């Protein structure tokens, strides 16, 4: 199916995310969609609760995004289509790494990942016909040891910003990754296997 055909097809679901990577991944499997730009509440990047496991944290944040999107959808009286939300976080030494606040924060995160293995958790939540379905992808990623000069150049590229763990595996940082066990698309931000399975379980055909 060509991009032109996809563009002509009516949207089949809402994507409650501004991430261009998630949009590209949905189009990759032929799922036309509308990006739902839900107004973000104060403190959107909610911290992990005390004692909350990383997997539970990322599930909760994806679920919250989906439920908030569904409420906004109804408040705007928009057509009722399935709504998909996702959240990604990086975990090293049991510590959740979200999106870096600034260059110093990005350098700190990248230094923590250098030469080590970490986990990337991406949770997906689907609201459809009054029911919420969810799943989570957990992928182990190993980065080679990185020189300080490499980290500085990477930050100069602007790529670390807006990404959990301060890197994007589909970009320049792909050259940093020596091994991956799990879902490549999950590390990008939307695990396609789990996403397609959720959609099928809700009776939504996936090409």
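Every residue gets a Cβ built from N, Cα and C, even glycine.
Taken from Swiss-Prot as is:
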- 21: site 'Important for substrate specificity' (SITE)
- 87: active site, proton acceptor (ACT_SITE)
- 88: site 'Important for substrate specificity' (SITE)
- 170: site 'Important for substrate specificity' (SITE)
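What Swiss-Prot annotates, mapped onto the structure for a quick look.
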residue	record	contacts (Cβ under 8 Å, 6+ apart)
21	site 'Important for substrate specificity'	168, 170, 188, 189, 190
87	active site, proton acceptor	58, 61, 62, 65, 122, 123
88	site 'Important for substrate specificity'	58, 120, 121, 122, 123, 164, 186, 187, 189
Q: Across all the protein chains here, work out how many other Cβ atoms are within 10 Å of the Cβ of residue 170 (site 'Important for substrate specificity').
A: 16
Q: Tell me whether residue 21 (site 'Important for substrate specificity') sits in a helix, a strand or coil according to DSSP.
A: helix
